[in-house]
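S.K.: I have a structure here, written as structure tokens, and I will follow up with some questions on it.
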Amino acid sequence: MTTPQEVLKRIQDEKIELIDLKFIDTVGTWQHLTLYQNQIDESSFSDGVPFDGSSIRGWKAINESDMTMVLDPNTAWIDPFMEVPTLSIVCSIKEPRTGEWYNRCPRVIAQKAIDYLVSTGIGDTAFFGPEAEFFIFDSARFAQNANEGYYFLDSVEGAWNSGKEGTADKPNLAYKPRFKEGYFPVSPTDSFQDIRTEMLLTMAKLGVPIEKHHHEVATGGQCELGFRFGKLIEAADWLMIYKYVIKNVAKKYGKTVTFMPKPIFGDNGSGMHCHQSIWKDGKPLFAGDQYAGLSEMGLYYIGGLLKHAPALLAITNPSTNSYKRLVPGYEAPVNLAYSQGNRSASIRIPLSGTNPKAKRLEFRCPDATSNPYLAFAAMLCAGIDGIKNKIHPGEPLDKNIYELSPEELAKVPSTPGSLELALEALENDHAFLTDTGVFTEDFIQNWIDYKLANEVKQMQLRPHPYEFSIYYDV
């Protein structure tokens with residue numbers, strides 16, 4: 001634990017000039033306010049720094065816009081992308097009128113989830129290990145106007161560039177990963193080794209416990225970096241650093257990164273598989289003598305995730321693009337089942353050896369368009385509901401789900417086919433979130449209304465380029 005006094009001393013000792021205060025909005029994007037170093041003191045870590053919250057997506061109206069950012073001293077790190085020595089600090093949000101934590105602040109909701117876990121007596125720590133995939137592109141252009149709508153992506157690794165004619169200063173040297181064949185090739189096919197290495201080492205300098213990096217399955221520059229699991233809020237903080245570092249290192253190399261689940265048609269999308277477990281008094285609770293070495297509690301946790309999965313996906317897969325990834329044929333977990341080692345199931349129990357501390361489950365549906373604080377909190381609530389109500393997940397599905405007969409497949413529940421359907425499921429099933437006191441009814445309704453009005457309905461209003469291909473000459 002780091003104290004406010006230690007942070008203030010560091011500012012003086014390391015001659016920090018600016019303090020960059022970061023907080024996350026409802027949708028999942030970091031926002032920031034930069035202060036001169038003499039503008040914070042010990043009270044900033046308790047009373048907070050005032051700001052106008054009226055322009056933050058999904059937050060206050062303009063007539064009640066005053067809010068405060070409360071600095072978390074445990075999150076201070078030197079920003080490697082600022083020219084002037086700058087200390088970044090992550091904040092949670094308070095209501096200045098009441099002094100209460102703001103019920104729409106995702107980081108506050110995440111803390112409530114931990115408090116709820118402790119209050120149940122089930123455990124005292126929830127660990128999460130997200131694996132967020134992404135694409136590195138050389139160019140990304142898109143526009144939507146009254147008379148046009150398009151996107152154009154390009155990558156030096158794109159299989160579509162295999163026949164592209166080069167120039168004298170930039171010849172085509174081949175070695176493009178083919179569709180669905182991008183997993184683990186060495187250079188020169190993997191042209192992003194050095195970029196990923198810099199991303200990984202930069203994260204390490206910021207205190208993220210790094211593990212690995214590698215190319216992913218899709219053509220066009222799909223990659224993944226790995227970091228160690230952490231406590232719920234800690235892991236969410238690390239994931240935000242992960243995205244921040246990856247985007248900014250890519251920019252340094254003249255590249256651009258997206259965490260969209262399905263930017264490329266006809267190839268694998270990008271997910272964010274979430275490993276998770278509950279501990280108490282320093283001991284893991286998911287290891288036992290049941291299926292795949294799980295405890296009964298671990299199975300009940302799976303039961304909660306599977307029961308509430310359609311509603312959960314409105315939070316863990318919260319974009320219209322999410323459901324273009326969740327389709328058969330691209331290693332996507334479209335069927336709601338669990339299995340040991342079977343990556344075609346939506347929940348997998350990894351083969352983790354004999355160490356009980358490594359026993360965990362992996363929920364494979366989520367993607368990185370989710371807000372990690374909200375996603376982790378919602379998954380924990382669903383799992384706890386399974387434990388409290390002893391929701392058994394049924395028999396595991398150890399077959400390859402993609403090879404089941406139509407009759408067998410009809411018996412396996414599937415993920416919602418669209419964001420609208422997921423939001424409808426959340427509308428009908430959210431007591432497991434609100435009865436806990438973790439999420440408020442106000443937050444859930446605001447989330448549903450925001451997503452419907454600003455994303456679902458907006459997509460429905462606009463002509464799609466493919467519609468012209470199939471309907472123009474009717």
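Placement of Cβ uses the backbone N, Cα and C atoms for every residue, glycine included.
Keep in mind that what you see is a predicted model, and the values were worked out from it rather than measured.
Below are the features listed in Swiss-Prot for this protein:
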type	residues	note
BINDING	GLU131, HIS273, GLU362	Mg(2+) 1 binding site
BINDING	GLU133, GLU216, GLU224	Mg(2+) 2 binding site
BINDING	GLU211, HIS275, GLN276, SER277, ARG343, ARG348, LYS357	ATP binding site
BINDING	ASN268, GLY269, ARG325, GLU331, ARG343, ARG364	L-glutamate binding site
DOMAIN	14-99	domain 'GS beta-grasp'
DOMAIN	106-474	domain 'GS catalytic'
MOD_RES	TYR402	O-AMP-tyrosine
S.K.: Where LYS357 (ATP binding site) and ASN268 (L-glutamate binding site) are concerned, what is their Cα separation in Å, rounded?
M.R.: 32
S.K.: Find, for the listed binding-site residues ARG348, LYS357, the residue with the lowest Cβ contact count at a 10 Å cut-off, counting only other Cβ atoms.
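M.R.: Minimum Cβ neighbour count within 10 Å, taken over the binding-site residues ARG348, LYS357, occurs at LYS357.
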S.K.: Just to verify a number: CA distance, GLU331 (L-glutamate binding site) to GLU216 (Mg(2+) 2 binding site), in angstrom, no decimals.
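M.R.: Cα-Cα, rounded: 12 Å.
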S.K.: Which has the fewest other CB atoms in a 10 Å radius around its CB: GLU211, GLU216, GLU224, the listed binding-site residues?
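M.R.: Among the binding-site residues GLU211, GLU216, GLU224, the lowest count of other Cβ atoms within 10 Å belongs to GLU211.
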S.K.: Just to confirm: which same-chain residues, 6+ apart in sequence, have a Cβ under 8 Å from the Cβ of GLU362 (Mg(2+) 1 binding site)?
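M.R.: Same-chain residues close to GLU362 (Mg(2+) 1 binding site) (Cβ under 8 Å, separated by 6 or more) are HIS273, CYS274, HIS275, GLN276, ILE347, ARG348, ILE349, PRO350.
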S.K.: Record lists ASN268, GLY269, ARG325, GLU331, ARG343, ARG364 as binding L-glutamate; longest Cα-Cα distance in Å?
M.R.: 15
S.K.: Near GLU131 (Mg(2+) 1 binding site), meaning Cα within 10 Å, which of GLU224, ASN268, ARG343 (binding-site residues)?
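M.R.: For GLU131 (Mg(2+) 1 binding site), the binding-site residues whose Cα atoms are within 10 Å come to GLU224.
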S.K.: Going by DSSP assignments with H, G and I as helix and E and B as strand, what are the residue counts for the domain 'GS beta-grasp' (14-99)?
M.R.: 13 helix, 35 strand, 38 coil
S.K.: What same-chain residues, at least 6 away in sequence, bring their CB to under 8 Å of the CB of SER277 (ATP binding site)?
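M.R.: Result: ALA126, PHE127, PHE229, PRO284, LEU285, PHE286, GLY298, LYS359, ARG360, LEU361.
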